[in-house]
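As recorded in TrEMBL, the features of this protein are as follows:
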type: REGION; residues: 53-79; note: region 'Disordered'
type: DOMAIN; residues: 161-225; note: domain 'SH3b'
type: COMPBIAS; residues: 229-247; note: compositional bias 'Basic and acidic residues'
type: REGION; residues: 229-322; note: region 'Disordered'
type: COMPBIAS; residues: 256-280; note: compositional bias 'Basic and acidic residues'
type: COMPBIAS; residues: 281-315; note: compositional bias 'Low complexity'
type: DOMAIN; residues: 324-438; note: domain 'NlpC/P60'
């Protein structure tokens, strides 16, 4: 074989004419053409194979880049936990219906700032948007989209409340997020406290307690977010019936208290009348006696005697006794224990009680059985507003409870350092509920 000359061209396939008139056949994809007609076939195949390898590498790189683009496009994006939460934005309420139509049956109501999980968006016959939602006990119902804000995280956080429920026997609440921080107070198992912040990077939560804001470890609590949810038509009916029964019971209790008050006033008036009658009789007897004595004494002595007689009977009249309501009676009874100690888990009004134990024991003296739990006390009796609060009402906070003493003042077992005391104003911390027993 002759030594080959330099490469002058590459062919995909076909033939060309060599420089001396000879024909060179290009065997296939990536064939090589030399200036000389004679060439080394082994070398030619070698060059062709190198070209094929390069082409494959190029294709693989391109395919790899395409796959990376696809994976990047298809990679899941993180979404907010409130992305599918819809918040009602209305003056009062909006109906939840069985079908996306205002003519459809109403299954329940979403009141302003109540929440629902949005399952789907649909259009009615007029092309207007509706959401398929579930909220509370109302499932798979439709609401007009114009009355609901979806995915607004700030709004959702603003209208919801997060609670931490204690899952250990006794949980330390610390002044800082860490086990080395000092203990602010302790919470019993099952106690609910309001969560203000979540320090996710540390696994701690900032919560509200009687002693102020503190921190609890996420290892010993379960946290939940609560929204106001829809009310079904059945629940609304039951609520209205219950409220009516409560109103009637309250009216009956008020009527009974009025009658009792009137009876006390009648008895007091009768006692005062009898006292006055006795005083008048005694005065008449004294006057008769004075007259008889006057016949035996001179006018000066008689005048003095009459003056003394007159003044001596003026003090025999009695004032009309004051009457109190049952709630005020509770306050009057509880007030005698101010200054007694606070004891965690205790229920002794003299030797020591915690906040719920104090309330429980005070009402027990009036024949009322109440639970020894600040969270459970939020559901006793019936609810009243802050505007209608009266002495004796039970005021419930996050992790704490006390008795309203009147004059914007709370009477409660406050803490180990202060014991049973008065605190004003009653709104010194956020009120969760006000319950009335009588």
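Cβ from N, Cα, C; glycine included.
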Exercise. Check the domain 'NlpC/P60' (324-438) for me and report the mean pLDDT.
Key: 94
Exercise. Please work out the helix, strand and coil residue numbers for the domain 'SH3b' (161-225) from the DSSP assignment.
Key: 3 helix, 42 strand, 20 coil
Quiz item: Can you count helix, strand and coil residues in the compositional bias 'Basic and acidic residues' (229-247) using DSSP?
Solution: 15 helix, 2 strand, 2 coil
